[in-house]
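Undergrad: Please read through the structure below; I'll follow up with questions.
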Amino acid sequence: MNILLSIAITTGILSGIWGWVAVSLGLLSWAGFLGCTAYFACPQGGLKGLAISAATLLSGVVWAMVIIYGSALAPHLEILGYVITGIVAFLMCIQAKQLLLSFVPGTFIGACATFAGQGDWKLVLPSLALGLIFGYAMKNSGLWLAARSAKTAHREQEIKNKA
């Protein structure tokens, strides 16, 4: 079984489970899928990728709240919101000089989820975090399944060759 098929199988199964978990816990299922997406899209895999994805998602949530609260300081002055957004977007990118914050799309995913969740970071954050863990489980269980399948196929071939 190839890697893509293995990951597709585990992602399909765990996506269904995530949908149930999200509803059961009162979380945002769509935000959880954004957490999954962050892990899959991160160029680093394994625990390092999980840590980088978590740090960038969290930073995105924080940056979104800076924009939301900063813009609310002077709601009658619309230009302030635009200036704050521009400055924060710059900072969201430049922070990537730090290893744990090096996945810029993760930062923007966290911010966008917070905006879509209308600034309810207390709901967005656990939804993203649990979704991120599901993404880690989806990909790594798929890689495990592919490796196990390859090992089994190799053993079967050795048995055929000996016969």
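Keep in mind that glycine also has a Cβ here, set from the backbone N, Cα and C atoms.
According to Swiss-Prot, the record shows the following:
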TRANSMEM  3-23  transmembrane segment
TRANSMEM  25-45  transmembrane segment
TRANSMEM  49-69  transmembrane segment
TRANSMEM  72-92  transmembrane segment
TOPO_DOM  93-98  topological domain 'Cytoplasmic'
TRANSMEM  99-119  transmembrane segment
TRANSMEM  123-143  transmembrane segment
TOPO_DOM  144-163  topological domain 'Cytoplasmic'
Undergrad: Give residue numbers and ranges for long-range contacts of the topological domain 'Cytoplasmic' (144-163): same chain, 6 or more residues beyond its ends, CB-CB under 8 A.
TA: 1-3, 5-7, 9-10
Undergrad: Near the transmembrane segment (99-119), which residues from the same chain, at least 6 beyond its ends, have a CB less than 8 A from one of its CBs?
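TA: Same-chain contacts beyond the flanks: 28, 30-31, 34, 37-38, 41-44, 51-53, 55-61, 63-65, 67-68, 92-93, 127-128.
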Undergrad: Do you know the DSSP helix, strand and coil residue counts for the topological domain 'Cytoplasmic' (93-98)?
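TA: Helix/strand/coil tally for the topological domain 'Cytoplasmic' (93-98): 5 helix, 0 strand, 1 coil.
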Undergrad: Near the topological domain 'Cytoplasmic' (93-98), which residues from the same chain, at least 6 beyond its ends, have a CB less than 8 A from one of its CBs?
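TA: Apart from its flanks, the topological domain 'Cytoplasmic' (93-98) reaches 59, 104, 107.
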Undergrad: Going by DSSP, how much of the topological domain 'Cytoplasmic' (144-163) is helix, how much is strand and how much is coil, in residues?
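TA: Breakdown, helix to coil: 19 helix, 0 strand, 1 coil.
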